[in-house]
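Undergrad: My structure is below; once you've seen it, I'll send some questions.
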Amino acid sequence: MTNILFEDAKPIIKKIKEQGFEAYFVGGSVRDYLMNKDIHDIDITTSATPDEIESIFPKTVPIGKEHGTINVLFNNSSYEITTFRTEEEYVNHRKPNGVVFVRDLYEDVKRRDFTINAIAMDEEYTIIDYFNGKADIEAENIKTVGHAEERFEEDALRIIRGLRFQSQLAFTLDNKTFEGMQSKIQNIEYLSIERIIVEFKKLFSGKNVAVSYNNLIRLNAFAYIPFFSSYNMTKININEPLPFNLFIALIQHKLTNDNAQLSHLKISNNEKKEIQTYNNLLNSLQNINTKQQLKLLIYDYGLHYNLTILSYSETLKLNEITLPSPIIYNEQLIREVAHEMPINNRSDIDISGKDLIDSLKQRSGPWIKEALRNIEIAIIDGQLTNFKPKILEWVKEHVKI
Ligand code: ATP
Ligand code: MG
């Protein structure tokens, strides 16, 4: 069987070989191909040095040249080509900057984390499998290349990666690999939180997350990770894939109200905002008993977040978070209310703060915000039409300054 992505990349491998070097597909794409799964991106490994790759291809970007990776632009696609390299020496659990390039494929695959990720394949789909990765794919087994304890000592991120693959692929962890994880779990504290989160996002969206999450708890992994280490994570139960940000919001909602802790995750402001939105929504849900209240909830948080929360009701239940009654909080009603919403945000109101100041002949102040909130509530409630003269009339009657 062939695959379109590999077919497209074949000429690259051929070109490198024409110059007398070796080149192979490697890593996740080969693993996924052997599992008959969709392939998203292709990694190529080669005996050519980055300088040699740059001289072979006219369009290149040195994205990680010091580590051996060059991006080659070819037929409107871009391919990561990395020079064979050996496991670098680790000092104080950190990778030093220098890397050692080698000319031997075996040395390159030997430094890779798991046997299922250490399979190389040439352009004729011939497999070069020094560590029996194919047999481990067939046995659905996650096993380190070489001695587990040593490999996790070199780089503890591999522990999290192993659990991430267990979640995504629904494979079992080899016994020795799990024991290696147990003995090196404390080393997680040396990792940067950014690297952990990249893997966590994949772990939490994997179909087998229930088992992987359980293993994170069994290994006491959270105790060594910033943010999570402040909480009793055994109180959080996960048995279905969910967005990472919702997972964080769940922790916040159940175990803390301290937003400052979020900064330890070093995530973007947008992500923080999303977590806050989930958390505020979870708090607001506790008071929804009528359709009027539902309308305001959907106005405030939008259709997307409400449907997302609703779709994770099993997880919420499992964590003892109660949703409003299904008579009020169900997909049909949520969609209907969203569809009939007279305004979607404050800028849709047919009046501005300035209009209020002018017509009420008042000085600017906090009353404006309060008045606008009351106006939007009245519009959403259906008590007030979103039409400037009507709103002004209503304001004169209802707004006390
Ligand atoms: P995905 O399909 O999610 O991209 P992947 O296996 O390609 O999975 P990547 O993180 O893209 O994972 O890494 C590419 C390859 O690089 C891996 O398959 C593995 O061979 C190697 N690798 C990545 N991280 C490590 C690590 N920390 N230690 C050893 N090898 C690693
Ligand atoms: Mg990859």
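Using N, Cα and C of the backbone, Cβ positions are placed for all residues, glycine too.
Pasting the feature list from TrEMBL:
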- G28, R31, R112, D155, R158, R161, R164: CTP binding site (BINDING)
- G28, R31, R112, D155, R158, R161, R164: ATP binding site (BINDING)
- D41, D43: Mg(2+) binding site (BINDING)
- 23-142: domain 'Poly A polymerase head' (DOMAIN)
- 171-228: domain 'tRNA nucleotidyltransferase/poly(A) polymerase RNA and SrmB- binding' (DOMAIN)
- 246-395: domain 'CCA-adding enzyme C-terminal' (DOMAIN)
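Show me how these features fit into the shown structure, please.
TA: In the three-state DSSP scheme, R164 (CTP binding site) is classed as helix. The Cβ of R164 (CTP binding site) has E199, F200, K202, L203, G206, S212 as same-chain neighbours under 8 Å, each 6 or more residues away in sequence.
The secondary structure of R31 (CTP binding site), as reduced to three states from DSSP, is helical. Counting every protein chain shown, 23 other Cβ atoms lie within 10 Å of the Cβ of R31 (CTP binding site).
The Cβ of D41 (Mg(2+) binding site) has G28, S29, E80 as same-chain neighbours under 8 Å, each 6 or more residues away in sequence.
The helix, strand and coil residue counts that DSSP assigns across the domain 'tRNA nucleotidyltransferase/poly(A) polymerase RNA and SrmB- binding' (171-228) are 43 helix, 2 strand, 13 coil.
Under DSSP, residues within the domain 'CCA-adding enzyme C-terminal' (246-395) fall into helix, strand and coil as 104 helix, 0 strand, 46 coil.
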Undergrad: For R112 (CTP binding site) and D43 (Mg(2+) binding site), determine the Cα separation and express it in whole Å.
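TA: Between the Cα atoms of R112 (CTP binding site) and D43 (Mg(2+) binding site), the distance comes to 13 Å.
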Undergrad: Of all the binding-site residues given, R112, R161, which residue's CB has the most CB neighbours within 10 A?
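TA: For the binding-site residues R112, R161, the Cβ with the most other Cβ atoms within 10 Å is R112.
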Undergrad: Counting only residues 6+ away in sequence within the same chain, which have a CB under 8 Å from the CB of D43 (Mg(2+) binding site)?
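TA: Result: F25, V26, G27, G28, S29, E80, T82.
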Undergrad: Measure between the Cα atoms of every pair in G28, R31, R112, D155, R158, R161, R164, the residues the record assigns to ATP, and report the largest value in Å, rounded to a whole number.
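TA: Taking every pair of listed residues, the largest Cα separation comes to 21 Å.
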